[in-house]
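Below you'll find the structure, written out as structure tokens, and then a few comments.
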Amino acid sequence: NRYDFPRFRLFSEKKTNHLPATKSSAALTSLLMSPVFQDVHVMIFIGFGFLMTFLKRYGFSSVGFNLLLAAFGLQWGLLTQGLWHLEDGKIKVTIFKIINADFSTATVLISFGAVLGKTSPVQLLIMTVLEISLFSINEHLVAQIFKANDVGASMIIHAFGAYFGLAVARVLYRPGLRNGHDNDGSVYHSDLFAMIGTVFLWMFWPSFNSAIADPGLTQLTAVINTYLSLAACVLSAYAISSLVEHKGKLDMVHIQNATLAGGVAVGTCADMAIGPYGAMLIGFVAGIISTVGFKYLTPILASNLGIQDTCGVHNLHGMPGILGGLAGIVAVALGKKEGGDAAMQAAALASSLGFALVGGAITGFIMKLPFWGQPPDQNCYDDSIYWEVRNPISHK
Amino acid sequence: NRYDFPRFRLFSEKKTNHLPATKSSAALTSLLMSPVFQDVHVMIFIGFGFLMTFLKRYGFSSVGFNLLLAAFGLQWGLLTQGLWHLEDGKIKVTIFKIINADFSTATVLISFGAVLGKTSPVQLLIMTVLEISLFSINEHLVAQIFKANDVGASMIIHAFGAYFGLAVARVLYRPGLRNGHDNDGSVYHSDLFAMIGTVFLWMFWPSFNSAIADPGLTQLTAVINTYLSLAACVLSAYAISSLVEHKGKLDMVHIQNATLAGGVAVGTCADMAIGPYGAMLIGFVAGIISTVGFKYLTPILASNLGIQDTCGVHNLHGMPGILGGLAGIVAVALGKKEGGDAAMQAAALASSLGFALVGGAITGFIMKLPFWGQPPDQNCYDDSIYWEVRNPISHK
Amino acid sequence: NRYDFPRFRLFSEKKTNHLPATKSSAALTSLLMSPVFQDVHVMIFIGFGFLMTFLKRYGFSSVGFNLLLAAFGLQWGLLTQGLWHLEDGKIKVTIFKIINADFSTATVLISFGAVLGKTSPVQLLIMTVLEISLFSINEHLVAQIFKANDVGASMIIHAFGAYFGLAVARVLYRPGLRNGHDNDGSVYHSDLFAMIGTVFLWMFWPSFNSAIADPGLTQLTAVINTYLSLAACVLSAYAISSLVEHKGKLDMVHIQNATLAGGVAVGTCADMAIGPYGAMLIGFVAGIISTVGFKYLTPILASNLGIQDTCGVHNLHGMPGILGGLAGIVAVALGKKEGGDAAMQAAALASSLGFALVGGAITGFIMKLPFWGQPPDQNCYDDSIYWEVRNPISHK
């Protein structure tokens, strides 16, 4: 027999009776997926966590609450998603289930970005419970009822998480912060910490978009489409940032965020036969939309609509997520996905937006109840209300 | 033949005569293990290295000496462990051997945490030589003679490394630091650098605990148990931190460390059939013990027993390591591991603690000899005694 | 059939018609290579990006321009390299092609280090286009015509990138910076950010050197040789740094860079049968050469030859790259690589150096044209000329 798996002796030198399992496809597939899981894990905990450390005095909360919410959320996600896939009345935990649990927390971390600096940990934990529950219902609807394609979750994670968070932010509107806040800004090194988050998200996005793709060539297609979309997106984000800024300078906020919009926007189509040009076109457009959104749309949302979006999740996850959903409809209509149905893609997008806006508004009202310890305006964007801060660095 | 491995042509377009090796289980298993090796590598070099950068003026030494000790230690570990497994009088280097070499350095890096800021590089290199030699003897005893289970090394790495370091710290007791030291503390950004270490350790711990598990389903079990234990541990660490601190605030020291105790404590049982609830229970308890230890036990150890534990390794590796050993005894007694023997588990724990305390004390006395360049009290926790420091950041 | 791959059902619960692909070697090999690709990706974007953040006021540009150049360069690299390997008139994108695209950008990022702080983004983009085009020609020559071995690219990436960049730096010589520049130095935390780059490069170098090795045992050999070379290199870099510095102190510049020289130098031989001692010898020598270069050679190059090498790429990539090429010639001459030809190895080294020096000089003259926005001397090493910098940290 040429496939002599048992030939290799492990370090432990112990006899093992699990070798048949290794030989089987189940274990092999799972072992092949382990690195993908780790990449997604890095995006959730390092990527989202450090991306939000750009605020000068809110780094402990950004990375610390991110860890808390994600660790709590993945357990809740395992439960809620597990209920849709019970086996003999039990939730079977597999590598795919824990990838999916990580995914469900991503929605919360996106929404967290919209309300960053303005909510207490208790409020955030409530948001986690409600948002993941709604995510799980919408995900079931999209995947099982509509049978829509959303391999990289442009719709069910990014658009959902962004509009959910924006609805919460609208309900929690703070007139006292209309004219900004001293702490709502970055210092030099906080922007560098945030770049750790940006770059890890950027690098591992191909794993995110391919994690639940059909194994084999489809999965590789998702990797390569995402890689190309992100590369094109960097170029348009830099170009537009330089174009819209004073004297052609670049703005760190755009670089930290808009360079990632290509990963969001190619999500739905990642595993479709859109070809390199399709992927790059999507990424290029996403970089433009996202940068323009940061420059012109975010201030309007804050001043005219009362939506104070701390991290600009509307520009990184909201609009690119919708772009991804639309691109998916077009791609399916053009026959780029075997068995796809454009109407069902549209239904999936509408469902994700509807659940997000309605669910976010209700969640916002629950979070607004006066006993969850919401910080007063003057303590916003400030770690010292929740953390023992010993030696704050001086900021001019 | 459906399994037509040679079909794929490599980028180099060169003919290769190694394809039969790929097809074989040995190479396949090794290639599957490479990502696991890289994860462990990240824990050793980024995880431990940055976790210790929390000190305001000792970041160069933390990450720099960590690199030096680990790079030296893994070579020494390859040698000492190789001597137990000679093949034709030679040490055969495999992916499993280099994972194990990384493991052996982990013991030293844990002990380093106990004496951080108070020892010279030469003292630390001496500690590396002696500790890894003793680790290798104890590891041989535990794995080959007792045939005990310790897949994630709660006993042979974490408890061993912690108590070894504490014994060294006891021998090197500095009465002059009884009332603290100006540099023995963090600043805002040093705490953020430390969180890089924390989060990478947290994320990749499933790989650490499963790296030497039997391949296949057993290995996946170790991944999932560790993932769940860590998730539960985060919750209890945050809860207890808030409970014991002034005004319900969180302490960065707890978050940086106690959130990881679940990975330590589930180590011995990680590949056993303890189920999700078992794993989460272990993690939850570990988070409590660790946080309480930081708050109440560390000051007592320092003032009453003369054990000045800079990083609190007793709380992150010591007590959770013992908890892991005890959990292993219980799990084996309950039949959760085929072929396990509870008495041998107990012997493994006792052996690890005994080697650590006696070996650490002897090593401490050798390190105390007056010609190794131990820094005077006033230069403790200060990079500038060992490094050219050009522009120190100002600390108020 | 024991190899029942389809047994495993994916999370998505959808039927898939791609399972035969998974079973095939092509997809399996690609999936096995995905983690290697991700490691290389981390080296390119985090490794190179953060390694250059050591400058006190140039962190945004270091990590930001690194992202821009790499994202642009990998697209250009896909194109130029693709032209050598057209299939039916099309460029087929595979996991190996995108690894190779990442590789081609590495040359640019190395050259970027030589001119860091003294060039505009437009100049750098021009350099990217020209350098990758030349790299692709030289790579084709070395691999296809000479059929030389350079698995870890000591010659075609490291030596090429370094001497290309040095030639550019020579042409762009700035007499006004002869006596240094206030911003040409580090602060405490910028040196710690740089260590993030160093450590990620150090950890993932085994993946870099083995990424295009023949799969199977040859690939594992490359991993282990690189691992050992790097470990030995750390020891010699620390030893020599302490030896040449005032009072035996260590210099962060040496630790950040010279510890990596072992990865560069073992590149060409990584997949050859050089044995552990061969690998460690190469690494040990590289660490010495690199550290000595930083201490004594860099100042001479700047003052006597007009080569202002900001990051010291001559010491990290240049000399160790040549060492790697020479070691390859010797190893092949000693029969350590089946089918190798020492003369062809020498031709490959000469070709790489020739292309680099001539190509770099020409590129330098093009970059020197007065309309690319090259910054004036007083604005060198300063982010604020290209970035909106809101709150610079104060430097004494």
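First residue shown is number 1, and so on along the chain.
Positions of Cβ are set from backbone N, Cα and C atoms, glycine also.
Unlike curated entries, TrEMBL annotations are predicted automatically.
For A:29-384, the entry in TrEMBL reads domain 'Ammonium transporter AmtB-like'.
TrEMBL lists A:36-55 (among others) with the feature transmembrane segment.
What TrEMBL lists as transmembrane segment is A:67-86 (among others). Long-range neighbours of the transmembrane segment (A:67-86) within the same chain, counting only residues 6 or more positions beyond its ends whose Cβ lies under 8 Å from a Cβ of the stretch, are 44-45, 48-49, 92-93, 97-98, 100-105, 108-109, 112, 121, 124-125, 128-129, 132-133, 135-136, 139-140, 144.
Proximity of distant same-chain residues to the transmembrane segment (A:98-117), defined by a Cβ-Cβ separation under 8 Å and at least 6 residues beyond the stretch ends, is recorded for 33, 36-37, 40-41, 43-44, 48, 51-52, 55, 58, 61-62, 65-66, 69-70, 73-78, 80-81, 124, 127-128, 131-132, 135-136, 139, 153, 157-158, 160-162, 164-166, 168-169, 172, 183-184, 211-212, 309-314, 316-317, 360, 380-382. Taken from TrEMBL, the feature transmembrane segment applies to A:98-117 (among others).
Within the chain, the transmembrane segment (A:124-146) has long-range Cβ neighbours (under 8 A, six or more residues past its boundaries) at 65, 68-69, 72-73, 76-77, 80-81, 83-84, 104-105, 107-108, 111-112, 115, 155-157, 160-161, 164, 168, 344-345, 347-348, 351-352, 355, 359-360, 362-363, 366-367, 372. Positions annotated as transmembrane segment by TrEMBL: A:124-146 (among others).
Within its own chain, the transmembrane segment (A:152-173) has Cβ neighbours under 8 Å at 103, 106-115, 118-119, 127, 131, 134-135, 138-139, 142, 208-210, 222, 226, 263-268, 270-271, 301, 305-309, 313-314, 316-318, 320-325, 327-328, 348-349, 352-353, 355-361, 363-365, 367-368, 374, counting only residues six or more beyond its boundaries. Here TrEMBL flags A:152-173 (among others) as transmembrane segment.
Summarising the annotation, TrEMBL assigns transmembrane segment to A:185-205 (among others).
Annotation source TrEMBL lists transmembrane segment at A:217-240 (among others). Beyond the ends of the transmembrane segment (A:217-240), by six or more residues, the same chain brings 151-152, 202, 205-210, 250, 254-255, 258-263, 265-267, 269-274, 276, 278-288, 290-292 to within a C-beta distance below 8 angstroms of the stretch.
Same-chain residues lying 6+ beyond the ends of the transmembrane segment (A:277-297) with a Cβ under 8 Å from its Cβ atoms: 224-226, 228-237, 240-241, 244-245, 251, 253-254, 257-259, 261-262, 264-266, 269-270, 312, 314-316, 319-320, 323-324, 327, 331, 336. According to TrEMBL, the feature transmembrane segment maps to A:277-297 (among others).
Annotation source TrEMBL lists transmembrane segment at A:317-334 (among others). Within the chain carrying the transmembrane segment (A:317-334), a Cβ under 8 angstroms from the stretch's Cβ atoms is held by residues 110, 113, 148-150, 152, 154-155, 157-163, 166, 261-262, 264-269, 272, 274, 278, 282, 285-286, 289-290, 293, 340-342, 345-346, 348-349, 352-353, all 6 or more beyond its ends.
Annotation comment: TrEMBL describes A:346-367 (among others) as transmembrane segment.
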Distal contacts, the transmembrane segment (A:185-205) - CB-CB under 8 A, six or more residues away: 39-40, 42-43, 46-56, 59, 226, 230, 234, 252, 255-257, 259-260, 263, 393, 395
